[in-house]
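S.K.: As listed in TrEMBL for this protein:
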- C:H48: active site, GMP-histidine intermediate (ACT_SITE)
- C:G7, C:G8, C:A9, C:R10, C:S11, C:G12, C:K13, C:S14, C:A32, C:T33, C:A34, C:E60, C:D82: GTP binding site (BINDING)
Amino acid sequence: MISLVLGGARSGKSRFAEQLATHSQLPVLYIATATALDDEMAARITHHQTQRPLEWQTCECPLQLVETLARESQKPQCILVDCLTLWLNNQLFHYPQQNFAQLFDQLINSLEQTQATIIFVANEVGLGIIPLGEVSRTFVDEAGRLNQRLAQRADQVFFIAAGLPLTLKGPAV
Amino acid sequence: MISLVLGGARSGKSRFAEQLATHSQLPVLYIATATALDDEMAARITHHQTQRPLEWQTCECPLQLVETLARESQKPQCILVDCLTLWLNNQLFHYPQQNFAQLFDQLINSLEQTQATIIFVANEVGLGIIPLGEVSRTFVDEAGRLNQRLAQRADQVFFIAAGLPLTLKGPAV
Amino acid sequence: MISLVLGGARSGKSRFAEQLATHSQLPVLYIATATALDDEMAARITHHQTQRPLEWQTCECPLQLVETLARESQKPQCILVDCLTLWLNNQLFHYPQQNFAQLFDQLINSLEQTQATIIFVANEVGLGIIPLGEVSRTFVDEAGRLNQRLAQRADQVFFIAAGLPLTLKGPAV
């Protein structure tokens, strides 16, 4: 069972995804893709951490998501990836010249024989004016492509606004 | 009965909210949070005004929304607040160091024993690339938090695109 | 039958609209509003072209959409306009002083006695922070107004996220 939780900044998508994880009644592995590059980011990470159950396992994974999912998805657990778009951002920063279509193929393939319940959180970033500059456009393009690829593979897809879900795919909650 | 009407810029959210107000068949108090700081803003305000029924009462309220709601929600009327996000913007501009979580608590508390039908219009601003700069990020963060708080309290929540509603909470229209 | 397919950048709205066109089982006229001003744009156009069926007719129409629709909508065919927002952008660039409300009236009027099935693709651009500058604000305003006008006239309206549709108007797919 693979779920994708889409939403804007501060839309409540992380909290909604955390509720899905809790409802799975499985042990939860939380995969954090954020890294504390500055004080503001560190504060955001701490803010999120204090809202999660203490018994959840946490794994920091700014870049090696494909390898981590290939390994961890073999276990009967719930994996919560928060968030996919930040992982993409990290990939764009560290390996800007790579073939992203191929990277997304690898990500989808890592889910092939999953024994786990996996919940992905991702940002919707394409609904405003796209800023000038090639980097911003590439980011919007690849983030959109990644969301489409994963939505195709997912069993459930939600769009979150103000903490409330619209169901794009699968049974409504 | 509390409704929240979310949408982007020029999404038709104000017109949709005005239709809800008309359908309430109650006397309407229109609470405008906009202030005419420049000619463009003045033109926008006039444009909106000419589209509203003449019998509606109007109250300009760029900052004192909590006090106004506490007082006006004791009357059996329909209150239309357009818009919440501009009020937040005014608060951020005039009192940037305040505790916003506390301000939002006060807003929610002002609705506690409401006798009125209240319709809030709010902007969704987090679905694009977030501009650089702490002020923009704070605005997106607090606007999103405010929308979540109010959505939790509201009986009905709509997301408007191209003038048409998606129902996030409550009975569909 | 007139459909409007709304979505953000790289949301899968073009692909969804192309599927609607294919399902119409009519001969398809593809009206492209993009023009290759630079290499990046040329690459985007080519990328889209290679994904469309070879038997579709293509017509490049950066500006003369009203005239083209008035003529082509008299034929029993499926017309796919991709995208309306880029046409508006071209109009804003070439004729910034024109009366846009009047232009939109002309567009709606060109659909009056249509014999064709018409599918419009349009961008939702108002759900992020609006950039400073009058041009950006005018663009967001007019794009939103155009979407509202067309949504009112359309029989079906969809909001696309991650390639998946939410139905704003008409029967769900």
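Along the chain as shown, residues are numbered 1 onward.
Cβ atoms here come from the backbone N, Cα and C positions, even for glycine.
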S.K.: Suppose we call a site close when its Cβ is under 8 Å from a Cβ of chain A; which of the binding-site residues C:A9, C:K13, C:D82 are close?
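M.R.: Listed binding-site residues meeting the cut-off: C:A9.
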S.K.: Please name the residue among the recorded positions C:K13, C:H48 whose C-beta has the most neighbouring C-beta atoms within 10 angstroms.
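M.R.: When each Cβ's neighbours within 10 Å are tallied, C:K13 tops the list.
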S.K.: Would you mind reading off the Cα separation of C:A34 (GTP binding site) from C:H48 (active site, GMP-histidine intermediate), to the nearest angstrom?
M.R.: 11
S.K.: May I ask for the distance between C:S11 (GTP binding site) and C:H48 (active site, GMP-histidine intermediate), taken between their Cα atoms and rounded to an integer number of Å?
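M.R.: Taking the Cα atoms only, C:S11 (GTP binding site) lies 14 Å from C:H48 (active site, GMP-histidine intermediate).
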S.K.: State the three-class DSSP label for C:D82 (GTP binding site), counting H, G and I as helix, E and B as strand, and everything else as coil.
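M.R.: Its secondary structure by DSSP: strand.
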S.K.: If you measure every Cα to Cα distance among C:G7, C:G8, C:A9, C:R10, C:S11, C:G12, C:K13, C:S14, C:A32, C:T33, C:A34, C:E60, C:D82, the residues said to bind GTP, what is the biggest one in Å?
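M.R.: Between the most distant Cα atoms of the GTP site, 23 Å.
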S.K.: Return the count of C-beta atoms lying within 10 angstroms of the C-beta of C:A32 (GTP binding site), excluding that atom itself.
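M.R.: Result for C:A32 (GTP binding site): 20 other Cβ atoms within 10 Å.
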S.K.: Specify the count of other C-beta atoms within 10 Å of the C-beta of C:A34 (GTP binding site).
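M.R.: By my count, 19.
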S.K.: Distance check, please: Cα of C:A9 (GTP binding site) against Cα of the residue listed as 'active site, GMP-histidine intermediate', rounded to an integer number of angstrom.
M.R.: 14
S.K.: Return the count of C-beta atoms lying within 10 angstroms of the C-beta of C:S11 (GTP binding site), excluding that atom itself.
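M.R.: Counting Cβ neighbours of C:S11 (GTP binding site) within 10 Å gives 25.
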